[in-house]
Amino acid sequence: MAPNIRKSHPLLKMINNSLIDLPTPSNISAWWNFGSLLAMCLATQILTGLLLAMHYTADTTLAFSSVAHTCRNVQYGWLIRNLHANGASFFFICIFLHIGRGLYYGSYLYKETWNTGVVLLLTLMATAFVGYVLPWGQMSFWGATVITNLFSAIPYIGQTLVEWAWGGFSVDNPTLTRFFALHFLLPFMIAGITITHLMFLHESGSNNPLGISSNSDKIPFHPYYSLKDILGLTLMLTPLLTLALFSPNLLGDPENFTPANPLVTPPHIKPEWYFLFAYAILRSIPNKLGGVLALAASVLILLLIPFLHKSKQRTMTFRPLSQTLFWLLVANLLVLTWVGSQPVEHPFIIIGQMASFSYFTILLILFPMTSTLENKMLNH
């Protein structure tokens, strides 16, 4: 029999084992589509970002004008920018749904895969943050000032750390230059960590909605899931293109159409929608260091999830009580997102504090308690 180059060539063999002949559970649902969608998001963002970087100038006097120039004078520059800006939103939608899937179906029990995923989330958040500063509008400047200033809450080294990050005594030209360098570098780091993430996943194989071993019923990734992923891609591209072409500024802040001015503070400083849940948790604590710790905990709590798993069943498919709690957590995050966009006044302050408290309570206390209760119910 003639050798198959797809299975014998050192490079093609790796691609074949990851994307073509990969044994995959036969019953994974559409919730398993988001991994490939995230890969497509990353590819799109790197491509559009590269094209934008060719026309961008990382200088405080020219940054705002260079972005305007890209949109006005570069062939399809407006489209590239709109796809890049709104592509970030879709990246976060996909990663939130991907994490939600992992929580619901107990995928976090693959600890290495889960931990590399958390690292990916943190890197993505860092990339989005430094990227938002680059157009050098009002919200870019003040967002950068407020968020970087939080590091000054770190005892003893805080102030030195902030001035080191800024490259001066305030957010200025050196800050913009280094943020551009970081925004260029981080997506390639994300791509590298993604390969690690995939490598760990392929050590164990995919989880499935039943949470039981699927070794007895595997199907090849291609053509079944390759086709399913292409369908998922078209279903994601449709709303992305609709948003980028019909209302590209829907998710942006109007304040960012004004060039950065250190002498005028915007009435409401708030980040992009995908950071609002964490921003609400930060604001709900009246102490600076406490707020920073809560902000960090709101994301790093994901690292604790595998250790808080007390159920005898892996997934929530047959656990109605945990399901109820899960959807309560989703609703809670939506409330946090909404509160984060509101001004700091009554009743939003107390709503934010209650939502922040319940966020940590659900994850740290109620989930393990409910799992233990469900285990007991199984015995009767």
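The backbone N, Cα and C atoms fix where each Cβ goes, glycine too.
The transmembrane segment feature in Swiss-Prot is assigned to 34-54, 78-99, 114-134, 179-199, 227-247, 289-309, 321-341, 348-368; the stated evidence is similarity to another entry. Feature annotation from Swiss-Prot assigns heme b b562 binding site to H84, H183. Annotation source Swiss-Prot lists heme b b566 binding site at H98, H197, citing similarity to another entry. Under the heading ubiquinone binding site, Swiss-Prot lists H202.
Checked against H98 (heme b b566 binding site) by C-alpha proximity, the binding-site residues H84, H183, H202 yield H202 as the nearest.
If you look at the transmembrane segment (114-134), the same-chain residues 6 or more away from its ends with a CB under 8 A from one of its CBs are 56, 58, 63, 67, 88, 91-92, 95, 98-99, 102, 107-108, 140-141, 143-144, 147, 175-176, 179-180, 182-183, 186-187, 189-190, 193-194, 196-197, 200, 271-272, 274-275, 299-300, 302-303, 305-306. Under 8 Å from some Cβ of the transmembrane segment (321-341) lie the Cβ atoms of residues 100, 103-104, 270-271, 273, 275-281, 283, 311, 348, 351-352, 355-356, 358-359, 362-363, 366-367, 370-371, 373-374, all in the same chain and six or more residues away from its ends. With respect to their backbone Cα atoms, H197 (heme b b566 binding site) and H84 (heme b b562 binding site) stand 24 Å from each other. Proximity of distant same-chain residues to the transmembrane segment (34-54), defined by a Cβ-Cβ separation under 8 Å and at least 6 residues beyond the stretch ends, is recorded for 70, 80-81, 83-84, 87-88, 90-91, 94-95, 97-98, 101, 183-184, 187-188, 190-191, 194, 229, 232-233, 236. Around H84 (heme b b562 binding site), a 10 Å sphere centred on its CB holds 20 further CB atoms from the protein chains shown.
Long-range Cβ proximity for the residue listed as 'ubiquinone binding site', meaning a same-chain Cβ under 8 A and a gap of 6 or more residues, is found for N17, S18, L22.
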